[in-house]
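K.L.:
Below is the structure I would like to discuss, written out as structure tokens.
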Amino acid sequence: MNSFPWLTIFVGLPISAGFLIFVFPHRGNKVIRWYTIFICVLELLLMTYAFSYYFQLDDPLIQLTESYKWINFFDFYWRLGIDGLSLGPILLTGFITTLATLAARPITRDSRLFHFLMLAMYSGQIGLFSSQNLLLFFIMWELELIPVYLLLAMWGGKQRLYSATKFILYTAGSSVFLLMGALGIAFYASNEPTFNFETSANQSYPVTLEILFYIGFLIAFAVKSPIIPLHTWLPDTHGEAHYSTCMLLAGILLKMGAYGLVRINMELLSHAHSIFSSWLIIVGAIQIIYAASTSSGQKNLKKRIAYSSVSHMGFTIIGICSISDMGLNGAILQIISHGFIGAALFFLSGTSYDRIRLVYLDEMGGMATLMPKIFMMFSILSLASLALPGMSGFFAELVVFFGIITAKKYFLMPKILITFVTAVGTILTPIYLLSMLRQMFYGYKLFNARNSYFFDSGPRELFVSIAILLPVISIGIYPDFVFSLSVDKVEAILSNYFYS
């Protein structure tokens with residue numbers, strides 16, 4: 001048990017500081033923005049300090065644990081803790097949220113509410129990744145919905161209410177299955193419910209019941225990841241959301257679903273995961289091909305990047321369901337890698353829209369000459385997205401490939417077939433990304449526009465872009481930085497699988 005409540009502070013600080021925003025004057029947009037950035041940076045620095053000094057990389061057990069009695073009526077504890085699986089997503093959350101807050105500079109309408117919602121999301125995300133209690137996990141999962149819905153409905157495009165409603169219907173509807181699964185596990189074979197992850201991991205269930213639990217959790221996580229065919233909310237949401245919200249959606253929110261698949265479906269329900277993993281690998285391979293092909297046909301820039309996110313999450317699904325050391329480590333690396341790259345692409349698409357007020361690719365052309373800095377950053381990060389060697393995406397996808405090839409669960413021919421289909425997906429990725437760059441940056445369409453003079457990237461845009469690019473290159477050169485966080489935890493998870 002940790003003597004100092006680091007994790008409780010990390011969960012409570014952003015939302016508590018967010019409430020103070022409403023004390024600020026209505027017209028203090030600049031003060032509110034810098035106050036929010038200060039809180040985000042302070043949180044990130046505190047997390048970096050605490051994890052550097054108190055987290056042991058070679059210990060696969062839960063660390064920095066905190067457990068406080070919350071509700072006596074049914075023995076509910078505020079139970080937090082982190083391990084190698086949650087450490088990476090927590091640091092990613094702090095990094096991306098800080099940059100998304102800095103990216104939200106153009107927001108002036110209802111600035112106090114906007115920045116409060118950003119901080120509320122921050123707390124919910126940290127709480128979810130550090131939760132060691134099923135009911136607390138569900139509460140943090142739900143805490144995300146209201147801020148995201150309001151951010152979509154109030155700061156977005158013309159169809160923002162439609163996309164926000166679609167988002168809430170999908171995510172809130174699927175959350176019912178998450179709650180049912182959590183309650184089922186808690187009340188099984190006991191008059192006194194226990195939501196503790198550790199207790200649930202050591203519990204055995206009848207096969208049929210475990211499959212039902214697995215399906216319930218899978219539906220909830222498949223919507224958030226997303227996994228086809230439960231992905232249709234994502235392109236509409238990204239297409240209408242402000243780009244700072246898109247950064248949080250692509251960088252963190254989608255990763256919550258993949259994290260839940262590992263933390264609950266794979267770790268708590270290992271027998272059911274063994275049964276479903278073969279089918280989910282097929283779904284993951286189809287998802288890579290389908291989303292990449294669909295992305296090529298999108299005329300809306302943000303929707304093209306959104307389908308790119310769906311395609312890349314297919315690699316995460318394959319890695320998780322390979323039930324191999326390399327595959328699961330590759331999936332975790334892909335979660336971190338795509339968190340950076342996806343957030344960067346949506347940020348750059350938003351800054352481009354701020355300048356040219358165009359979102360359809362067939363209306364663009366010639367941005368390379370008018371805005372060379374944006375062209376340079378967009379090109380580099382697009383190459384990172386298509387897994388260029390030396391970038392983080394390359395090692396993530398490569399390790400997932402090795403993971404499925406070396407998986408002991410599957411026969412040789414299915415592994416070769418899945419690898420071949422997945423490889424086709426990697427060929428489709430440069431097709432839609434390079435086509436996107438050609439339509440945006442080459443040609444002469446913008447030269448003929450009435451206001452043909454456009455401002456290039458400023459210091460703020462360059463800082464955010466470079467800040468995201470640096471970890472993408474660093475992980476691409478030295479991926480052991482991420483692997484060192486997760487390798488011991490992955491071995492502990494796979495010890496439940498006899499063919500691992």
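Cβ atoms here come from the backbone N, Cα and C positions, even for glycine.
According to Swiss-Prot, the feature transmembrane segment maps to 4-24, 35-55, 84-104, 113-133, 134-154, 167-187, 211-231, 242-262, 272-292, 330-350, 416-436, 463-483 (among others), an assignment based on sequence analysis.
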K.L.:
Using a Cβ cut-off under 8 Å, which residues of the same chain at least 6 positions beyond either end of the transmembrane segment (167-187) come close to it?
P.N.:
134-135, 137-138, 141-142, 145, 148-149, 152, 193-195, 200, 203, 209, 212-213, 215-217, 219-224, 230, 232-233, 236-237, 264, 268
K.L.:
If you count Cβ pairs under 8 Å, which stretch among 113-133, 211-231, 242-262, 272-292, 463-483 touches the transmembrane segment (84-104) the most?
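P.N.:
Most contacts with the transmembrane segment (84-104): 242-262.
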K.L.:
Does the transmembrane segment (134-154) reach the transmembrane segment (416-436), going by 3 or more CB pairs under 8 Å (6 or more apart in sequence)?
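P.N.:
Contact between the transmembrane segment (134-154) and the transmembrane segment (416-436): absent.
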K.L.:
Could you give the residue numbers and ranges of same-chain residues that sit at least 6 residues beyond the transmembrane segment (4-24) on either side and whose C-beta is under 8 angstroms from one of its C-beta atoms?
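P.N.:
The answer is 31-32, 35-36, 39-40, 42-43, 46-47, 50, 54, 64, 66, 68, 78, 80-82, 90, 112, 115-116, 118-120, 122-123, 126-127, 130.
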K.L.:
What residues in the same chain, six or more past the boundaries of the transmembrane segment (463-483), come closer than 8 Å to it by Cβ-Cβ distance?
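P.N.:
Contacts with the transmembrane segment (463-483): 88, 95, 99, 102-103, 329, 332-333, 336-337, 340-341, 343-344, 347-348, 377, 380-381, 384, 389-396, 399, 457.
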K.L.:
Let me spell it out: take the transmembrane segment (272-292), skip the flanking residues so only those 6+ beyond its ends count, and list any with a Cβ under 8 Å from a Cβ in it.
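P.N.:
Contacts with the transmembrane segment (272-292): 207, 210-211, 213-214, 218, 227-228, 231, 265-266, 307-308, 310-311, 313-318, 320-323, 404, 409-410, 414, 418, 421-422, 424-426, 428-429, 431-432, 497.
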